[in-house]
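Per Swiss-Prot, the features are:
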TRANSMEM  9-29  transmembrane segment
TRANSMEM  66-86  transmembrane segment
TRANSMEM  88-108  transmembrane segment
TRANSMEM  125-145  transmembrane segment
TRANSMEM  149-169  transmembrane segment
TRANSMEM  207-227  transmembrane segment
REGION    247-267  region 'May be involved in recognition of long-chain fatty acids in GPI'
TRANSMEM  266-286  transmembrane segment
TRANSMEM  303-323  transmembrane segment
TRANSMEM  339-359  transmembrane segment
TRANSMEM  370-390  transmembrane segment
C-alpha cells in the first residue's frame, strides 16, 4: 500500500466512523431500532436489551421468548454495559462497522493476488472500500447496533484470512460466524476453497478439527457465562422452524403465516434444503474461482435467509464491484439495481401504510419483498453467467470478438 493510499484509506475510515458515531447519538438511532429493514428477531438491538435485562436480574435470557441471538452478542453488550452503558455500546458497534470497511479493502487487494493476470478484477481496492463504507445498507445497521453488522464483520474476516492462507485464524473466524448465525455454515466449503487455493498443503480434516475446537471453546465459554445450555436450543430452533413470524424482508414469514400446520414441516424442509442445493454444484463447477463464488453464495444466503435485513444485502452488493470485468458483461445490472432500490423504498411505504396508517395489508408489503427477491436472484444469476463468460473468453482468447449463442 503506497503512503498516499494509506492516508486516503485512513481519511475514509475516519469520515465513516465519525458520521456513524454522530448519527448513532441522535434520534435516528432510536428510529432505526424499530425499523424492520434493519432490526429483525435475530438481530434487533432492543431484543438484546431485553435479554440483557433478564440476565442482569438472574433470569435465563432465552426464557422470555424475545431474545434469540447468540450468547456472544449478550456477552459483548454486557461488557459494554459494565464499561459505560449505551454510549460505549454505540462506540463499539460503530468501530466494528468501520473496521468492516478495512477488511473489504484488504479482500479487494487479495483478489488481485488470487487473480494475478487480472482476468476478473482491475478495480481499485480503495474504491471498493468507499462503496462499502458509504453505502446506506452498510452504515444504517451500524447506527442501529444490529447484530447482522457483526455477522458481516466476522464473515469479512473469514474471507480475508482464507485468502491469506492463515488456516488457524480462518477456522477461528468461521467458528465465530457460525456461532452467531448457524446458517453461515453454508459458506464453509466455498471459503475453504479460497484457503486451499492460497495454501494447498492444508487438508480439510485439519481445518475441520481446528474449527470444532474453537466452536467447542465458544460453547463452553457461553455455558459458563449463562450457567445454562439453553442457548444450544433456542437460537437454533428459531432458525430451523421460523416460529417468530415478525414481518421482515424475507420470504418465510408471510408464507408460514398462511400455511396450514399439516404442511408446515414439509415446507420448512424445502426452505432449509433450497440454499444447500446450490452450494455444491456452484462450488464444484467453479472451484478454481473461489472468491467470486463465495460472494455469489453470500448473496444466495441473504436471499433464502429466514430473517434477512438490509445488512445482508450490503456485503453482497458491495463486494461485487471487485470483479469489475465480470460486471461489464452483466446484462441486467440496471434492471436488478432498480428493482432492489424500488423494492426497498416501496416496502417501507407499504409497511408504514399497513402498520402505522392502517389503510393497507400484509399482501402489499409482501409483494415488495417478492420484487426484492426477484431482483436479487436475477442479479446473482446474471453475475454467475457473466463469470462463466469471462472465464471462457480468458481460456479461449482467439474467440474474444465472437459472440456466444445459446444452443437451441
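Quick reminder: no glycine exception, Cβ is built from N, Cα and C everywhere.
Remark: the transmembrane segment (149-169) contacts the transmembrane segment (303-323), by the rule of 3 or more CB pairs under 8 A. In summary, the transmembrane segment (125-145) does not lie against the transmembrane segment (207-227): fewer than three C-beta pairs, each 6 or more positions apart in sequence, are under 8 Å.
If you look at the transmembrane segment (9-29) against the transmembrane segment (88-108), you find at least three C-beta pairs under 8 angstroms, all six or more positions apart, and that counts as contact.
Beyond the ends of the transmembrane segment (303-323), by six or more residues, the same chain brings 37-43, 104, 107-108, 111, 120-121, 123, 127-128, 131-132, 135-138, 140-141, 146, 148-149, 151-152, 155-156, 183, 238-239, 242, 244, 248-252, 271, 274-275, 291-292, 295, 340, 344, 373, 376-377, 380, 383, 387 to within a C-beta distance below 8 angstroms of the stretch. Per-residue confidence over the region 'May be involved in recognition of long-chain fatty acids in GPI' (247-267) averages 84 (mean pLDDT, predicted model). Panel annotation: around the transmembrane segment (207-227), residues 55, 60-61, 70-72, 74-75, 167-168, 170-172, 174-176, 178-179, 188, 192, 195 of the same chain, lying at least six beyond its termini, place a Cβ under 8 Å from a Cβ of the stretch.
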